[in-house]
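Comments concern the structure below.
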Amino acid sequence: MHFQWDWLCLGVLIISSVTAETENKENLDADVEVEDFDKQSQEADVDRDKSSLEVVYQTPKPTGEVYFTETFDGVLTGWVLSKTKKEDSDDNIAKYDGRWEVEELKENAMPGDRGLVLKSVAKHHAISAKLTKAFIFNNKPLIVQYEVNFQEGIDCGGAYIKLLSSSDDLNLEYFFDKTPYTIMFGPDKCGEDYKLHFIFRHKNPKTGEYDEKHAKRPDVDLKKFYLDKKTHLYTLVLKPDDTFEMLIDQSVVSKGSLLEDMVPPVNPPKEIEDPSDTKPDDWDEDEPSKVEDRDAVKPEGWLDDEPQYVPDPNAKKPKDW
């Protein structure tokens with residue numbers, strides 16, 4: 001529908017041009033001065049065309065079951081600024097004292113369409129808000145998506161989000177890098193290393209300890225999304241069949257299994273290669289892989305003429321055979 005609307009406006013523009021030229025030709029044949037009229041007419045047409053092409057911002061309205069939505073149309077109601085410090089950092093940069101503002105884009109802004117903007121250079125920023133309710137991973141997918149625009153460029157930093165683990169004593173004023181989370185997702189860059197993170201924390205059922213599972217790097221060039229100063233939509237989809245998808249601007253850039261395609265995998269391989277393993281000094285390459293047991297004897301009642309496999313009289317082919 002969007003493309004049909006654009007095409008319709010283009011068609012109106014072409015028709016207006018042809019009409020003006022036709023009137024101009026007829027008036028010239030009548031030897032009438034029409035230069036000022038044509039100029040005014042064309043300017044009026046352009047003004048009308050610009051007015052018809054203006055896009056009016058309307059606040060998006062979520063549909064379906066939504067656990068959190070934010071359009072930043074007004075003030076930061078419900079958001080909490082972190083008042084703590086980042087561990088393992090110098091005191092002069094340890095605080096999460098970066099400033100936030102709600103503003104329109106600097107370039108190609110749509111009046112009324114605002115976003116959350118980081119205003120401080122070389123500062124740690126942390127801001128959080130609670131979901132309307134905790135998401136329970138059951139038989140339904142989880143979709144996380146948000147827009148990012150690096151309008152000032154970025155040297156070393158991230159624009160990722162964290163879905164924090166549910167806890168009765170969670171205090172968002174003390175949200176920092178070590179706060180337990182379940183999912184981390186979004187773009188991250190330092191120097192010429194361009195990343196799109198998807199990490200989840202998994203509890204080992206035997207040891208009870210948590211470790212991070214990282215998705216493998218996408219097979220696409222991510223550099224352009226950091227440098228073009230355009231707004232891009234980042235989406236993470238987790239499905240009940242234990243698969244995931246990462247999308248940028250609704251195009252899949254990475255997908256796989258939550259159990260097998262993470263690093264390290266949730267389900268470890270049955271056999272792990274030992275890089276330090278060496279052959280014994282007396283290893284003989286010519287020896288057979290199986291050694292005959294000379295003391296082995298057939299059990300009593302062994303019949304040499306019996307078939308190797310015995311058919312199951314009750315076995316039936318499946319319906320989808």
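Even glycines carry a Cβ here, placed using N, Cα and C.
What TrEMBL says about this protein:
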SIGNAL    1-20  signal peptide
DISULFID  Cys156-Cys190  disulfide bond
REGION    259-321  region 'Disordered'
COMPBIAS  270-281  compositional bias 'Basic and acidic residues'
COMPBIAS  288-298  compositional bias 'Basic and acidic residues'
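Same-chain residues lying 6 or more positions outside the compositional bias 'Basic and acidic residues' (270-281) and placing a CB less than 8 Å from one of its CB atoms do not occur.
Under DSSP, Cys190 (disulfide bond) is assigned to a strand (E or B) in the three-state scheme. With a cut-off of 8 Å between CB atoms and residues at least 6 apart in sequence, the same chain places Lys189, Cys190, Gly191 near Cys156 (disulfide bond), listed in sequence order. For the region 'Disordered' (259-321), the DSSP-based tally of helix, strand and coil residues reads 0 helix, 2 strand, 61 coil.
Here the Cβ of Cys190 (disulfide bond) has 12 other Cβ atoms within 10 Å, regardless of which shown protein chain they belong to.
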